[in-house]
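Here is what TrEMBL says about this protein:
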type	residues	note
ACT_SITE	A:309	active site
BINDING	A:183	Zn(2+) 2 binding site
BINDING	A:309	Zn(2+) 1 binding site
DOMAIN	A:53-240	domain 'Dihydroorotase catalytic'
DOMAIN	A:345-425	domain 'Amidohydrolase 3'
């Protein structure tokens with residue numbers, strides 16, 4: 001294995017951090033990138049991987065994935081999530097604290113860090129609970145949790161409805177330069193709603209969720225950020241008005257960033273079709289106009305990151321009438337393929353797309369990854385952006401199979417994934 | 001003439017440090033220095049307030065402060081009466097004024113007041129004919145605490161001017177901090193405020209005080225580390241997440257104290273929450289002035305009562 005020296009050659013290098021796009025290679029030693037560029041072609045003492053002209057880019061960083069450990073290992077374990085992530089080109093996963101028990105105690109964060117190190121083939125960085133028990137009433141121990149290894153603070157799929165709690169959390173988190181990630185959805189406005197409010201919901205006879213459930217909460221948060229100066233990231237936005245709110249906040253120089261899920265970029269409410277519960281999500285899939293607005297906001301930089309919102313649900317929670325089924329879809333393994341639809345349709349350049357899935361998340365989270373630079377961690381992926389395939393959910397590595405892309409025609413597959421200088425995934429080629 | 005008060009203090013009441021000049025403060029501290037000597041004698045009594053009536057009117061329980069004022073009054077020869085008024089039976093405004101009018105009819109000479117509402121002492125002072133001493137009003141002022149802290153500092157360091165004093169902890173709710181900030185700044189000290197942002201009053205930095213959210217930075221090269229009491233009901237998720245977290249980041253232990261100057265002195269107005277804002281080894285350690293502060297409390301209150309007595313009508 002040539003003293004840990006690995007050479008990727010004959011690659012199409014794309015590094016969104018430096019706007020690099022050229023043919024060349026990457027030399028990896030001891031888990032770090034030692035050289036990168038067109039001059040990197042040979043290294044006699046290295047193990048060589050010929051990329052065959054495929055894209056070599058920084059590994060994807062997914063800022064939002066729900067993993068069942070601890071408490072729900074039948075849905076997903078750190079091990080199975082790691083395998084799914086590696087196959088999808090995701091080298092770092094930010095795990096949500098909605099576990100049982102919730103990640104609101106330094107000892108539990110420590111458990112996740114150790115367990116992930118021992119069982120997962122990709123990096124798992126836990127986000128800790130923002131409030132104790134995810135109940136939205138009392139701030140969690142942000143300082144101690146951060147010391148234990150929490151990378152950000154969020155109540156996961158829940159929103160903090162109490163504005164005073166949010167204000168204090170933003171204020172207090174600022175002392176630790178801690179990032180607060182918030183699910184922006186006012187539960188009172190959601191009410192009994194199960195899908196986007198509008199004509200299609202009326203036709204299906206399902207109670208709707210207005211866009212204002214999102215915009216009211218987001219607007220409140222932006223004002224609290226202005227008051228406190230805390231670092232804030234809206235986990236996922238889904239409608240045009242939300243993009244406007246974030247755009248205004250950024251124009252005013254506020255420390256506000258936001259994400260969008262791959263589902264809201266690739267799908268709209270009509271995909272629910274005949275009550276398909278795998279498309280029951282939170283926030284709900286919106287109107288096509290909103291989807292188009294999300295793509296535009298991503299292209300102009302208003303939306304910073306794309307997340308998988310990987311949320312495995314077992315069959316019992318999904319094989320129910322639409323209104324009663326659990327929210328969520330798996331997404332780690334299909335993240336890149338689904339996102340490449342935007343590139344193939346000409347809406348987004350490949351570097352822009354990769355920026356939203358690796359460079360920007362790394363910047364927001366303060367990670368050294370997300371770039372092809374000498375000294376950066378060798379978290380890399382090689383993929384063929386044009387490789388066509390039909391997704392078969394039975395082939396997914398996740399323990400749960402609730403993908404909205406089952407039987408979808410997708411283009412673009414990861415062939416090699418490297419984490420910290422170690423090849424953790426290599427696709428079998430015929 | 002031996003015990004005659006000097007007319008060095010130009011104010012009729014002591015409602016706060018705000019409004020006192022550096023000369024006023026210095027005069028009170030000088031007078032307090034003399035009272036320390038009186039208190040250390042076997043014969044501790046003076047007759048400055050002989051025949052005078054001092055009422056300690058406490059709307060909020062405080063055994064320590066009340067006892068300190070009681071001892072101070074008695075050492076000066078006053079007839080001291082303690083009145084505890086359960087705060088639940090008093091509904092601000094009119095009732096407070098009613099209380100004041102009733103008390104005034106009893107013709108006291110000095111009323112020492114503690115009240116849970118900021119500004120209540122000022123209101124009461126407008127309605128009575130006697131001298132009023134603020135023994136703490138809400139989160140506003142606690143002037144005798146600041147004076148006793150200043151006296152303790154001056155006696156140990158020989159000066160206040162030029163010292164770096166870090167006031168740490170629950171600044172937001174602390175009347176002790178407010179009075180100290182004003183006094184120390186007026187006397188030429190460099191005042192730093194150290195607390196989590198949730199416990200710093202909004203806009204405080206604009207008042208000219210240096211603020212820190214890190215104990216390590218805030219305590220760097222400090223001469224005096226003044227810890228404040230954190231009330232437990234203000235912890236647990238409201239302003240800070242928990243006792244454990246608070247102590248980890250804002251509690252004074254030997255490790256954090258090491259950032260201050262080697263000869264830095266530690267103060268605390270008491271009562272202390274050991275293991276919350278201060279560790280026992282620091283509280284009881286060689287750098288601690290906490291017990292001395294209590295002694296200075298009596299001396300300062302004697303000085304204040306004596307200074308105000310100079311404005312009382314002659315017999």
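Glycine residues also receive a Cβ, built from the backbone N, Cα and C atoms like all the rest.
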Inset, instruction - Could you state the whole-number distance in Å separating the C-alpha atoms of residue A:183 (Zn(2+) 2 binding site) and the residue listed as 'active site'? - result: 11
Legend entry - the domain 'Amidohydrolase 3' (A:345-425): DSSP-derived helix, strand, coil residue counts: 19 helix, 27 strand, 35 coil
Inset, instruction - Run through the Cβ atoms and count how many others sit within 10 Å of the one on residue A:309 (active site). - result: 30
Inset, instruction - Based on DSSP, name the secondary structure state of the residue listed as 'Zn(2+) 2 binding site': helix, strand or coil. - result: coil
Legend entry - residue A:183 (Zn(2+) 2 binding site) CB neighbourhood, other CB atoms within 10 A: 21
